[in-house]
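The block underneath contains the structure these notes are about, expressed in structure tokens.
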Amino acid sequence: MTDKVKELVSKCLQARDMAYCPYSRFPVGAAILTADGAIITGCNVENASYGLTVCAERTAIQRAVAEGHRQFAAIAVTCDIKDRFVGPCGACRQVLMEFGSDWIVYLAKPDGSYKETSLSELLPLAFTPAHLGKN
């Protein structure tokens with residue numbers, strides 16, 4: 001594990017601990033590695049009006065964009081499930097795809113072990129911004 005991947009996984013684990021999830025009790029953390037090497041974190045933030053809940057991955061991407069980042073290299077995601085790797089929900093996969101399909105995705109367990117995959121693998125045949133110019 002490279003130092004940058006180790007740091008990314010560590011930051012997503014820390015972000016999970018900040019989750020606001022009083023309804024599901026399912027904390028999720030995410031950490032995004034920008035193209036210029038910055039790490040931006042996010043956690044899920046639930047709402048009593050369930051549809052207004054924001055996932056950790058979307059919190060992280062929104063923070064990154066608000067800080068001026070538009071190019072990304074990787075994301076690490078974690079939750080409290082210990083016996084298997086859990087990926088982002090479909091909505092989060094689509095939001096990440098807005099910024100390119102070449103992301104490396106690290107699915108991390110609470111103990112810090114992880115599985116490497118890619119956004120293209122998690123969301124094959126994706127709808128992308130390029131499709132909007134084809135009508």
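Just so it is clear, glycine is given a Cβ too, placed from its N, Cα and C backbone atoms.
Whatever TrEMBL says is automated annotation, not expert-curated.
Residues or ranges marked as active site, proton donor by TrEMBL: Glu57. What TrEMBL records for Asn44, Val45, Glu46, Asn47, Ala48, Ser49, Tyr50 is substrate binding site. The Zn(2+) binding site annotation in TrEMBL covers Cys55, Cys89, Cys92. The feature domain 'CMP/dCMP-type deaminase' is assigned by TrEMBL to 3-130.
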### Query
Which are the residues of the chain, Cys55, Cys89, Cys92 excluded, whose CB is within 8 A of where the CB atoms of the Zn(2+) site average out, their centroid?
Val28, Ala56, Glu57, Arg58, Pro88, Gly90, Ala91, Arg93, Val95
### Query
For substrate, what surrounds Asn44, Val45, Glu46, Asn47, Ala48, Ser49, Tyr50 with a Cβ no more than 8 Å from their Cβ centroid?
Tyr20, Tyr23, Leu52, Thr53, Val54
### Query
Of Val45, Ala48, Cys55, Cys92, the binding-site residues given in the record, which has the fewest other CB atoms within 10 A of its CB?
Ala48
### Message
Quick check: of the binding-site residues listed here (Asn44, Val45, Asn47, Ala48), which one has the Cα closest to that of Cys55 (Zn(2+) binding site)?
### Response
Asn44
## Note on the structure
Close to Asn44 (substrate binding site), taking Cα pairs within 10 Å and only the recorded positions Glu57, Cys89, Cys92, are Glu57
### Query
What average pLDDT does the predicted model assign to the domain 'CMP/dCMP-type deaminase' (3-130)?
97
### Query
Going by DSSP, how much of the domain 'CMP/dCMP-type deaminase' (3-130) is helix, how much is strand and how much is coil, in residues?
42 helix, 31 strand, 55 coil
### From Val45, Glu46, Asn47, Ser49, Glu57, the recorded positions whose CA lies within 10 Å of that of Cys89 (Zn(2+) binding site)
Glu57
